[in-house]
Amino acid sequence: MEKRAKYAKLHPEMSNLDLTKILSKKYRELPEKKKKKYVEDFVKDKESFGLSMSKFREEHPELVECMTKKGSNVPEKARTPQQLWYTHEKKAFLKTNADATTKDIKDSLGKQWTRLTDKKRLKWIGKSLELQKQYEETMREYIQQHPELNMNQGDYSKSTLTKAERHLKDKSDGRPDKPPPNGYSMFCAELMSSMKDVPSTERMVMCSQRWKLLKQNEKDAYQKRCEQRKKEYEIEMNRFLGSLSVEEQQRVLAEQKMIGFKKGNALGNAAPQAGAEKPKRPISAMFIFAEEKRPKLQQERSDLSESELTRLLARMWNELSEKKKEKYKRLEAVLKAETMKKEKEERGHLPDPPKTAQDIWQQSVIGDYLARFKSDRPKAQKAMETTWNSMEKKEKMLWIKKAAEDQKRYERELCEMRSPVTTAIASGKKMKFDGEPKKPPSNGYQKFSQEMLSNGELNHLPMKERMAEIGGRWQRLVQKEKDQYKKIAEEKQRQYKVLLEQWLASISSQERHIYKEYNSQVRWLLHRITFI
């Protein structure tokens, strides 16, 4: 406490935890003579606290008695399935591993618990639920005896099961699995079961591309199967609910509310029609690669099924070098730009303009105000404006942050409307082209600068001073030396032009178009900056 202010000032970037660690270390390093002062201060404080506590007990005996009762008689909470299993297994483990530390026991039993079969796990789930039921009954009696605690059922009725354990228990009791919301989701679920080798980030993209390749009658068939599965699910769920107690029924129905299920009725929300698809996503780099290699692979490996072929192509993509992937990524960027352009044309308007902080706040409270003013919108609007104007800045801060996020959303959507070239320039990032020759210095001074920077002679100086030193040294060179650097730069430029023409001839017309568009826009931008 004595030194904290000093160290906080010396290390303003440190958290309280880090400061405590430093102070703890410093205290341990103190000689016993200096430590004695702090030990004596602590003993005095402890004695003073003891006297104050004795006085408090004398003056408030009823509070002390209540605290004692509460601490000693409160029923013990029900333990989780894992805790019950751990206590049971710990005894057996210590018989064979008498010297094991607490960490050894936790590590070993922790691994065993994860490998436990569902059947064995259900045994401990059942025991935990029985104990939870007993605990709740005991707590109800205890609260009646101690009304001063001011506790309600929500304070002690928390489940001892995890979400996964609850799902396992319900499934063993006959709870049916939720059906997919639509035909597309059913198609994805079936396809993904055979895509374990495909990276998770690519799975949904590949499912989307495969769905697009289906004929309309095939899509309709998936939708029909999905509707049938929903009807079966409704019957099975009502049968399951009938086997539960009233309390359990309420719990399950509260969970089912999230997907629109109503007891004894059809599903609340109709699934989207198969034909009503979202805007199509652009084809991914991996998909372009897979479609390019698929025909040849089908001929060479006719023994493979479609799903096995997809897994093989996914492995081939993962093993491809970043240099070779670049070609497909550029094509993906072009296709993405075209797709975005078409989507914007179809929508026929720019992204929704960003909302102000006041607009977002009003949108969140409009329902309350309309209810208060009996659906009189002008009065509600006026009252909201008055409230907003009277709010302090710290109250508005949440809505100001949300408005800033909406502004970013608007700018991002605007950016997505542009071509990849415009996007790259707007973001300030240089576009990279596979195999493009490196640009040489354009004049003698640049060649001299490059040489000075690469030899490491001026590395001890900050960049600004480094460049000033290079400029000074260039000025001190005689004209003959400057001409020599100029000649080297001109030769390098001639070599570069030859290499650039060869490289442009080797790439596709699409890649060549992107490269030329990018360079022309960069040149125009540099010209504008120079002019300004």
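Note: Cβ is positioned from N, Cα and C throughout, glycine not excepted.
Across the range of the DNA-binding region (1-57), the DSSP-based residue counts are 47 helix, 0 strand, 10 coil. Per TrEMBL, the feature DNA-binding region maps to 1-57 (among others).
Look at TrEMBL and you will find 1-57 (among others) tagged as domain 'HMG box'.
Mean per-residue pLDDT, taken over the DNA-binding region (75-143), amounts to 84. The DNA-binding region annotation in TrEMBL covers 75-143 (among others).
Per TrEMBL, the feature domain 'HMG box' maps to 75-143 (among others).
The feature DNA-binding region is assigned by TrEMBL to 177-241 (among others).
Positions annotated as domain 'HMG box' by TrEMBL: 177-241 (among others).
The DNA-binding region annotation in TrEMBL covers 279-347 (among others).
For 279-347 (among others), the entry in TrEMBL reads domain 'HMG box'.
As annotated by TrEMBL, DNA-binding region applies to 351-418 (among others).
The feature domain 'HMG box' is assigned by TrEMBL to 351-418 (among others).
What TrEMBL lists as DNA-binding region is 438-504 (among others).
The domain 'HMG box' feature in TrEMBL is assigned to 438-504 (among others).
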Work out, from DSSP, the number of helix, strand and coil residues along the DNA-binding region (75-143).
55 helix, 0 strand, 14 coil
